[in-house]
Amino acid sequence: MLEDKNQERTSLEQLGEFGLIDHLTRHFTLKQQSTVKGIGDDAAVLDFKGKKTVLTTDLLIEGVHFDLSYMPLKHLGYKAVMVNLSDVYAMNATPTQLTVSIAVSNRFPLEALEELYAGIQLACTTYGVDLVGGDTTSSQTGMLISVTALGVALKENIVYRSAAKPNDLLVVSGDLGGAYMGLQVLEREKEVFKVNPGNQPDLEPYSYIVERQLKPEARKDVIELLKQLEVRPTSMIDISDGLSSEILHLCKHSEVGCNLFEDKIPLDPTVISACEEFKIDSTLVALSGGEDYELLFTIDQGDFPKIKGNPNLTVIGHMTEANESAHLVTRDGSKIPLTAQGWNSFQTK
Ligand SMILES: [Mg+2]
């Protein structure tokens with residue numbers, strides 16, 4: 001649907017594996033002092049000079065995690081990196097290096113992989129991360145991308161999921177539900193396109209939510225903001241699966257309960273109008289939609305004045321004793337147990 005039909009096609013066999021890696025990575029430059037040796041030997045060599053390293057990896061499979069009929073390859077490369085950087089930031093660490101491995105079927109020409117790597121390179125440049133290795137191989141069906149990200153932090157700065165205390169405030173960055181509603185719009189336009197291929201979709205009214213789906217940003221700025229405000233979260237996680245399941249992770253690992261207030265959940269007006277159009281409950285979308293890549297964290301109540309009124313941060317609830325478990329407090333004041341799927345409306349207390 002968004003594909004450019006007039007592109008050149010150079011078959012991958014013309015380059016061979018080593019030629020391909022050289023070709024795809026030739027414009028990448030190294031920026032991190034901790035990178036001693038990047039691509040070009042049997043392994044990369046890194047030196048973190050006594051700091052702690054964090055490491056995370058993610059596998060994306062065509063047809064499961066992405067759909068190339070509406071996901072441009074450049075965006076896919078960018079997003080594959082963001083998903084990993086978001087996890088590094090969620091540890092309150094700074095991402096430093098990446099490896100990228102791909103498997104592709106012969107339906108992809110060299111030009112397609114160049115697009116993918118242009119997105120990876122843009123992400124590396126924007127976030128100051130070095131690409132230091134990876135692998136390419138062939139696949140029988142479709143495309144697979146595996147990204148591994150390394151990051152660095154002082155031991156005392158690392159924030160785990162496990163140290164939230166009762167009465168801590170629950171805070172989220174940005175707004176929620178946009179990525180899911182963007183996906184709904186793209187899926188709908190794909191169906192329209194199948195029936196009428198001549199019809200180019202007008203995505204302009206949905207640009208915010210479509211961008212949230214296709215080109216998410218990891219919240220490096222929020223980590224820097226918290227440092228600047230001298231707020232160290234007591235626990236933190238990024239929102240990849242949806243607000244409710246991430247809250248339950250914090251509760252489980254920290255052994256606390258939580259009250260989440262429905263009327264505090266930050267929603268962009270575009271998300272609210274798309275929810276009305278698609279007749280979906282906006283709270284359910286925020287709780288279960290996922291892929292927003294915002295940061296969810298807890299802070300000590302004493303830190304509240306430091307974040308109060310900041311447009312990037314919203315207090316959405318507070319932690320409670322473990323035996324009180326996790327609840328959604330709805331707009332009309334009822335308390336509903338929170339589940340990984342959103343909430344369980346049949347177990348109203
Ligand atoms: Mg995560």
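We count from 1, first residue shown onward.
Placement of Cβ uses the backbone N, Cα and C atoms for every residue, glycine included.
Since we're looking at a predicted model, the values are computed, not measured.
Annotation source TrEMBL lists domain 'PurM-like N-terminal' at 40-153.
Sequence annotations record features per position, and here TrEMBL assigns Mg(2+) 3 binding site to D42, D87, D238. Other Cβ atoms within 10 Å of the Cβ of D87 (Mg(2+) 3 binding site) number 23 in total over all chains.
Taken from TrEMBL, the feature Mg(2+) 4 binding site applies to D42, T56, D87.
For the recorded site, D135 (Mg(2+) 1 binding site), the DSSP three-state label reads strand. Around the Cβ of D135 (Mg(2+) 1 binding site), the same chain contributes S101, I102, each under 8 angstroms and 6 or more positions distant in sequence. According to TrEMBL, the feature Mg(2+) 1 binding site maps to T57, D58, D135.
Taken residue by residue with DSSP, D58 (Mg(2+) 1 binding site) is part of a strand. Positions annotated as Mg(2+) 2 binding site by TrEMBL: D58, D87.
Per TrEMBL, substrate binding site is recorded for H65, E291, W343. Neighbour density for E291 (substrate binding site): within 10 A of its CB lie 20 other CB atoms from the protein chains shown. DSSP classifies E291 (substrate binding site) as coil under the three-state reduction.
Around R161 (ATP binding site), the same-chain residues at least 6 positions away in sequence with a Cβ under 8 Å from its Cβ are S235, M236, I237, H249, L250, H253, S254. For Y117, G134, D135, R161, S240, the entry in TrEMBL reads ATP binding site.
Non-local contacts of D241 (Mg(2+) 5 binding site) by the CB criterion (under 8 A, 6+ apart in sequence, same chain) comprise G290, A340. Under the DSSP three-state reduction, D241 (Mg(2+) 5 binding site) is assigned to coil, being neither helix nor strand. Sequence annotations record features per position, and here TrEMBL assigns Mg(2+) 5 binding site to D241.
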Applying a 10 Å Cβ distance cut-off over all chains shown, what neighbour count does S240 (ATP binding site) have?
19
Proximal residue to H65 (substrate binding site) among binding-site residues D42, D87, S240 (C-alpha distance):
S240
What other residues of the same chain, not counting T57, D58, D135, have a CB atom within 8 A of the CB centroid of the Mg(2+) 1 site?
L59, T99, V100, S101, I145, S146, V147, T148
Candidate nearest D238 (Mg(2+) 3 binding site) in space, where candidates are the binding-site residues T56, T57, D58, E291 and distance is Cα-Cα:
E291
Listed binding-site residues: D87, G134, D135, R161, D238, S240. Which have a CB under 6 angstroms from an atom of ligand 1?
D87, D238, S240
Just name the winner among D42, D58 (the binding-site residues) by count of other CB atoms within 10 A of its CB.
D58
D42, D87, Y117, G134, S240, E291 filtered to the binding-site residues whose C-alpha is within 10 Å of T56 (Mg(2+) 4 binding site):
D87
